[in-house]
């Protein structure tokens with residue numbers, strides 16, 4: 001585990017995009033994208049209201065942890081919203097230092113402040129204990145159709 005003293009938790013900035021994409025490669029397939037492609041995707045996400053919080057290593061500018069939040073207004077539940085947390089990832093050298101927990105708690109607090117009645121996320125089997133420690137519980141099942 002690496003020292004976390006030089007880390008800042010903040011919103012993803014345009015200057016972070018390449019480093020963020022590199023970090024996402026620890027989570028899933030994340031092929032290289034051009035600067036223009038990254039900027040276009042970031043703009044679409046911003047317009048959709050998606051918030052991505054990151055841990056930035058201040059001396060190097062490297063992104064070492066991130067998670068995203070999408071707020072979905074509902075017609076049910078009196079119009080209250082649901083927070084969807086996605087793409088939670090921490091660089092392997094920083095795992096166990098509490099970054100994942102801090103990211104999740106920060107996004108849960110944003111969800112609460114936006115009036116969400118619940119926060120949901122998808123998880124691999126191996127990550128279930130981590131989320132359960134944070135108060136999440138397994139509920140229903142996810143379905144998927146690859147296009």
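Using the three backbone atoms N, Cα and C, a Cβ is placed for every residue, glycine included.
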Message: Among 2, 28, which residue does Swiss-Prot annotate as binding D-glucosamine 6-phosphate at the site that also has 86, 87, 88, 117, 118, 122?
response: 28
Statement: As a whole number of Å, the Cα atom of residue 87 (D-glucosamine 6-phosphate binding site) is distant from the Cα atom of residue 101 (acetyl-CoA binding site) by 14
Query: Reported in the order helix, strand, coil, what are the DSSP residue counts of the domain 'N-acetyltransferase' (7-147)?
result: 54 helix, 40 strand, 47 coil
- line: The predicted model's mean pLDDT over the domain 'N-acetyltransferase' (7-147) is 95
